[in-house]
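Copied over from TrEMBL, here are the features:
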TRANSMEM  23-49  transmembrane segment
DOMAIN    42-292  domain 'G-protein coupled receptors family 1 profile'
TRANSMEM  61-87  transmembrane segment
TRANSMEM  99-121  transmembrane segment
TRANSMEM  142-159  transmembrane segment
TRANSMEM  197-219  transmembrane segment
TRANSMEM  240-259  transmembrane segment
TRANSMEM  271-294  transmembrane segment
Amino acid sequence: MMSNSTSLTVSYFILGAYLNIGYLRYLCFMITAMLYIVIVVANTSLIVVICVNRSLHEPMYLFLCSLFVNELYGSTGLFPFLLLQILSDIHTVSAPLCFLQIFCLYTYANIQFCNLTVMSYDRYLAICYPLQYNTRMTSNKAVILIILVWLYSFVKFLITLSLNIRLTLCGNIINGLYCNNHLVVKLACSDTQVNNMYGLFSIVFSILVPLFPILFSYMRILRVCFSGSKQTRQKALSTCTPHLVSLLNFSFGCSFEILQSRFDMSGVPSVLRIILSLYFLIIQPLMNPVMYGLQMSKLRNICKHVLRYKLK
């Protein structure tokens with residue numbers, strides 16, 4: 001095991017949050033594998049349904065497609081790795097693979113927030129400016145926004161990754177189930193001031209900045225709902241409820257992970273820390289396809305039609 005006080009070239013990291021649960025690890029493996037299969041099947045099914053049905057080639061459903069693709073991307077960055085670690089006796093990960101996982105999970109979180117921001121703006125236009133919606137938000141504009149969201153997220157975190165790789169590390173023990181950016185930075189014995197400043201800047205731009213257009217959009221939507229007809233309120237409720245639930249759920253999960261990586265959480269029971277550290281990476285990819293599949297009537301009806309056709 002590497003020392004935590006001597007500067008060394010780190011070729012691998014040790015994940016220190018795994019508990020010795022004996023034969024129960026096989027049960028954990030089965031449950032985790034089942035969750036991953038459900039996530040892949042649910043999200044892939046909705047992506048296929050949206051792609052093959054021309055009636056769903058509208059901005060709102062294109063944003064949903066981007067959201068489901070991102071769920072697959074984030075889940076693939078975690079679950080295969082988690083399955084290997086559950087069955088392993090020694091919980092180690094090579095440095096390149098660790099940095100790759102950090103890149104995948106952090107870009108996933110950034111894309112998620114940006115996607116939800118763009119979706120709130122789309123709902124704002126649809127509810128507040130229904131007559132002008134088709135000219136203000138076209139399918140081509142939606143595709144451009146989606147591409148910008150993904151490019152922005154990748155470029156932003158490539159900067160973070162380049163700052164991390166240059167650090168001289170004094171240890172290789174990460175107190176987590178998977179690789180975490182700030183936990184790696186905390187192992188450094190070289191100057192991390194630039195990393196910490198850019199990390200805070202990144203959090204602000206990933207979470208707080210998207211919050212303003214979301215709040216603005218929903219304040220305007222609520223204003224229209226209170227002054228509009230019953231039909232307008234029902235339309236707003238059916239399209240905005242899954243978005244709001246998704247946003248609040250993901251914000252809660254990310255907030256705990258940020259707090260856990262930056263502050264001493266030793267007072268919180270180990271099992272609870274483990275569950276909450278996985279919360280935003282497991283619940284969100286499971287919840288989004290179920291919520292949007294059930295709440296969006298057009299998508300729900302097409303899914304029912306496809307299922308009936310398959311069962312015949």
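Glycine is treated like the rest: Cβ placed from N, Cα and C.
Here the transmembrane segment (197-219) has long-range neighbours at 109-110, 113-114, 116-117, 120-121, 123-124, 156-157, 159-160, 163, 181-182, 185, 240, 244, 247, 251, 254, 258, meaning same-chain residues at least 6 beyond its ends whose C-beta is under 8 angstroms from one of its own.
Below 8 angstroms of C-beta separation, residues 56, 64-65, 68-69, 71-72, 75, 79-80, 82-83, 86-87, 282, 285-286, 288-290, 292-293, 299, 302-303, 306 of the same chain, each at least six residues beyond the ends of the transmembrane segment (23-49), sit close to that stretch. Away from its own ends, the transmembrane segment (142-159) comes close to residues 59, 62-63, 66, 103, 106-107, 110-111, 114-115, 118, 122, 198, 202, 205-206 of its chain (Cβ-Cβ under 8 Å, at least six residues beyond either end). Sequence-distant contacts of the transmembrane segment (61-87) (same chain, six or more residues past either end, CB-CB distance under 8 Å): 15, 18, 25-26, 28-29, 32-33, 35-36, 39-40, 43-44, 46-47, 50-51, 93, 97, 101, 104-105, 107-109, 111-112, 115-116, 118-119, 122, 139, 142-143, 145-146, 149-150, 177-178, 278, 281, 284-285, 288-289, 292, 296, 298-299.
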